[in-house]
Every structure is written in C-alpha cells, then in structure tokens.
Amino acid sequence: HLQLACRTEMKPYYTSKLWWCGITLLGLGELGNFAAYGFAPIALVTPLGCISVIGSAFISVLFLKKTMRAADILGGTLTVTGTYLLVTFAPNVPQELTARQVENYLVSWPFLVYSILEIIIFCILLYFYKRKAVKHIVVLLMMVALLASLTVIAVKAVASMITLSAKGKMQLTYPVFYIMIVLMATSCAFQVKFLNQAMHLYEVTAVVPINFVFFTTSAIISGVIFYREFQSAALLSVFMFLFGCLLSFLGVFVIARNKKEEHLQIPFIDCGHIPGQKLTGKIQPDSHSSCYGTLNNEDDLVKSPS
C-alpha cells in the first residue's frame, strides 16, 4: 500500500502482484487452519493460534526491521511452554464425525441450553451496542467471541464431513452439512463486522490479545459442550491443559503490551518525497475508493487559496 501511494498515477491496490501474493498466502493459511479442525479437537486447534502472534513478532523483526524486545523473548517463552502443555494434555477423542453424530449433537440438551444462553447474552450486548451506543472493546469482542463459538462448531462439522467423504464415506448428501455451511458463513460474516469495528476504534495491540483470549475461551467451551471433548479426560490432564492456556494467554499479552503502533505525523503524502516531483502540495487519500488519490497540478495549487 505504501509503494502504491508513492506513485504518481492512480492505481487500485488489487492490481498489485505483491498484494495478491499476500492475499494468497493468507488464504492458504486459513485453508490449513480449516483442515486442522477435521483432524484435531477444537480445544487443541484454537489455542494454537497463539503461534501466529509469535510468528508476527519474529516476522516484524526480520522484514520490518523492528527491534527485538525483552518482552518479546519472555512472551515467546511463555507461549511456547503453554503450547507444549496444550499439545501434551489435549483431549484424545475420535475425530471422525458423521452427519448423524452432528445431528445428535445439535438436538442434545447441553447444546440447546448453551445456545439459548448465548443468544440471550448476544441480544443484550447487541442492545447496548445499537441502542445505547456502547462500543467498549469488551462489548465488541464478546460479541465476536459468541459468534466465533458457532463458527468453530460449524467449521469442525464441515471439515470432518468433507474428510470422511474424501475417504469414501459420503456425508455431503445430508442436509445438516449445508446447514453447517450456512451457519459457518453467517457467523463468520458478522464476526468480521464486529472485529473490524473494534479494530477501527481501538489499537491493534489492545484488540489482538483480548480477542485471542475471548475467542479461545469461547471455542474451548463450545467444544466441551457440543463435541464433549473432555468427557473422559482425567482431572490432572484438564488442569494442565488449562494451565497451558493460561501461559499462552500471558505470553500473548506480554508480547502485545506497550508495543506502540507507528503512525505518520501527517495524514498526507508530501509530493516532495515522491521521485520526479517538486511540488509542495499534498495527496489526500480517498477512503471511499480503491485508489490512492491524484497529484494536484501546479496551476491548481496557484489558484487554490491554501
């Protein structure tokens, strides 16, 4: 985006090969994340998202020339330790979920009670958000987490049924498969809406750790209630798993704590900093367009009162 902003001609960002490369890598990463739900418990896959925070910290050092802080090393150590405990003490449950099993889980009493409570809490939060204009970060990210719990349930069901179908046990003819796809798409869309709102109002360094904790907690609870992942787990395994989650949460907060975002001093681009330009005017990026604005002509600058 910075490279395109420094060009004199108008050019939409979606014409950049570098931008498409980034989008492709993001898509491949999410595809791998989706496939993981078909082979491992929700309680294991979701907390491992903390690895992305460590990866971001190291990538920022390698490619963005950021300074490695002591907090990054400490946070990374806590996160790796927590990840080891998560992998070691994660619930060991069968992962081949048939469409019939998903249907039975959908009408089970624990999930029905959980769904009713979640709907009530979400409606209360939505009321404060819409009617009372309460846009606190906790309110926004709690709504994201409640939607995320439905998303991970649907994603695991869809991924598991696709995996079984690929092995020769066709599951794609059951209506519940398409119900889960609709639930996955709908919950994802609204989840992104509220997450974008939080990112717009608050710093990324505040949104990322809080969203990770809320999302992970909500996903683990939904996995426990819907898929009964800890039904036969020993008490020590449950305790060590939760301790691993706590260490991962602390690691993410330590990495994100006091990490200031870099902002330009002025919301314009100085024409004098663009190669081949000697103007003293500014470029005003258009937030409602996919382009980055245009340079003013010298005549226009003379006629302009300021």
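Cβ atoms here come from the backbone N, Cα and C positions, even for glycine.
Unlike curated records, TrEMBL annotations are generated automatically.
The transmembrane segment annotation in TrEMBL covers 18-36, 42-64, 71-91, 111-129, 136-162, 174-192, 204-227, 233-256.
Between the transmembrane segment (111-129) and the transmembrane segment (18-36) there are fewer than 3 Cβ pairs closer than 8 Å, counting only residues 6 or more apart in sequence, so the two stretches are not in contact. Taking residue pairs at least 6 apart in sequence, the transmembrane segment (18-36) and the transmembrane segment (71-91) share fewer than three C-beta contacts under 8 angstroms. Taking every listed stretch (42-64, 204-227, 233-256) in turn, the largest tally of C-beta pairs under 8 A with the transmembrane segment (136-162) is reached by 204-227.
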